[in-house]
Structure formats: C-alpha cells, structure tokens
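The structure under discussion appears below in the form of structure tokens.
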C-alpha cells in the first residue's frame, strides 16, 4: 500500500544509503537517487535515467517521493514570496526573502507551536503536531523549484535558510536535524553551516545537542534581558532561565560556525523598548561574556494583540545605544507585510488552524473551499 512505502524525500544521505542496503542495493545507487531528488528536482523514478530498469521497478514497489501540495503561492510587491503548503490537511507557511546578493528562505518546523509566546501570532493557533523531516525539507524543495531558472535543477537562488517559521525547531529536533543535513549536503543543496540558521526560544538541553549533532548557526529569541518579563512573554523561560540559556550560548559561540550568537529582540512599545531595557541588555551580555550580534525586530501587530510597534524614534534610540556600547546591531526590515509574510504574521488572520486551508482558498475565490 502507498502509506507503507518509505518517503525518500526526508532521508538524509546516511538514511537513504541504509534504506538501499535494506532492499539489497548499493550505496552509490542511493547517492544517485538522493542527487536526483534534491539537486535536480526529479521525483519520478522512471525519469532517473542512470538507474537500471530493475532498480527503478524495485523503488516503485518499496519507496515513494511525495511532495506536499502547494495550496497557493503569492509574491509581494517587494519581491518576497510566500507559499501555503498542505501537510496532511493542515497548512504551514514558507517565506522567501530576496536581498541584494542573497536569498533567504524562512522554514517552518511545526504546525502551530507549543511555546505560546505572548506576542507571537503563530502561538495563538495552538499546537497540532511536528512536521516530518520530509515536510521540513519539502519547503526548500518547493522554493528551489519555483524560484529556479534552470527548469527544475537547483541553481542556488536560495542561498540562506532560517529555521524561523512556524514552530519551535528544537521541539522537533529528530526531524529538523536530518532535514538540515540535507540542506547542507553537497549532493543536495550544498549550503554551509554558516548559511543555515536555527532560531530557538531557549530549549537549553537541545542547544547542546544541536552543537554536537549539527553545528549550524544559532539565533536565540531573547526579547528581554529580564527574567521576570521573559517568564511572562516567553514562558519557556520558567523552565530554562536566562542564566542557563546564556551559558549554553557561550559554549555554542566558542564552537559554532560564527563564533557569536545572534540574539533576536522583538521591540514592543513600552514593554521592552525603553532605554533602561537597552542598558540592562548591554550589562547582561557583557557580564556573561557572550559574543553577540543583536537583531531588533519591530513588532508586527495582528488582530487581538495588546502589543504595539514602537515609533521609529524609539527603535532608533534603542539601536544607537546598543551600537554605542560595541554591539553589532541591525533592525529587521518589514518584508512581505502585504501578504502576511512579515515576521510574526505567519498565523495569517489568527483563526482556528483547522480552517486555514479553506480561508486561503476563499481568498483566492475558490468556491470549492466552502
């Protein structure tokens, strides 16, 4: 039966080699198929012209290459591209952000999120399930094929990956790590560890595991230097406080690919954007001796949120203070907000997740969505 077949899409190189050995075939055949899937975008075994007829027949009997369907894709006026992808009746979003000299793909790891950060629209959906490794890597496969100019063969339009979409990737460690392995494999997408960034709200034990098993670039959603406030807006802080988090970050910076940690800081008016917050942040990072870059993210309002985006003056003042104290600081530009693709808007209209697919089809005028 179809559901009993192994989906080769989500297998990293070692796993696909193990599968081929299990069906009595050679490792080099596995590498051929792996390259066809990810480098060339081919998912039909019969189109893999360097495979023998008997092998193709066996693969059709034992395996499949299943790509989730795209419910819709839409480009923003600023060039940002968004895909809504059907994953077993639910939907996740993937966003491509073009910039001069690079193209960044923001990838989701869960349907919804377990952490319920108070300012995050995705968390308001609740949590459905983890994505499989195939569903994670499918987002890159789809983007690479859509954006490619070489008739399906990956041409590195996507130069950077950020695991910053829907969900907390370290809460789906077992599926996210193999997917990132594929992203970095030279037979697939060939991205370096420096070009793949995982963003976490602070699942501290898994940060150590990530360093040992993957070593991609790390970004941490800090949002405040104050434990009391962080307990409120990032509830996982009650389990792993700022001291524990920064201890893990310090080790990661020493051994990771960038020798620093990027700290993400969502600025919310009169919540964490005061000069006193900036002073406390500087004191914290200097006292813990964590090499840091700081990425300030002006809050993107969504229906029902009590939080507000700070004025440009307040954002500038916060940034200037950090820079004056020696920290490389950037302000994330709002991109794709006309298609609900900006950071923090990945929950669309913040409605029940079970209706997301129907809502988006309705937006496109599909009468079958009702």
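The chain as shown is numbered from 1 upward.
Cβ coordinates come from backbone N, Cα and C, glycine included.
Annotated active site, proton acceptor per Swiss-Prot: 93, in sequence order. All protein chains shown were included, and the count of other CB atoms within 10 Å of the CB of residue 93 (active site, proton acceptor) stands at 25. Mapped onto three states, the DSSP output places residue 93 (active site, proton acceptor) in strand.
The active site, S-methylcysteine intermediate feature in Swiss-Prot is assigned to 343.
Annotation source Swiss-Prot lists [4Fe-4S] cluster binding site at 113, 117, 120. Cβ neighbours of residue 113 ([4Fe-4S] cluster binding site) (same chain, under 8 Å, six or more residues apart in sequence): 120, 122, 123, 125, 127, 166, 167, 168.
Feature annotation from Swiss-Prot assigns S-adenosyl-L-methionine binding site to 167, 168, 199, 221, 222, 223, 300; the stated evidence is sequence analysis. Long-range neighbours of residue 222 (S-adenosyl-L-methionine binding site) (same chain, six or more residues apart, CB within less than 8 Å of its CB): 202, 230, 242, 245, 263, 264, 265.
DSSP assigns residue 106 (disulfide bond) to a strand segment in the three-state reduction. A sphere of 10 angstroms centred on the C-beta of residue 106 (disulfide bond) encloses 26 other C-beta atoms. Under the heading disulfide bond, Swiss-Prot lists 106-343.
Sequence annotations record features per position, and here Swiss-Prot assigns domain 'Radical SAM core' to 99-337.
Other residues of the same chain near the [4Fe-4S] cluster site, with their Cβ within 8 Å of the Cβ centroid of 113, 117, 120, are 115, 116, 119, 121, 122, 123, 168, 201. All chains included, 22 other C-beta atoms sit within 10 angstroms of the C-beta of residue 221 (S-adenosyl-L-methionine binding site). Around residue 223 (S-adenosyl-L-methionine binding site), the same-chain residues at least 6 positions away in sequence with a Cβ under 8 Å from its Cβ are 117, 119, 230, 233, 234, 264, 265, 266, 272.
For residue 199 (S-adenosyl-L-methionine binding site), the same-chain residues that are 6 or more apart in sequence and have a Cβ closer than 8 Å to its Cβ are 162, 163, 164, 169, 219, 220, 221, 264.
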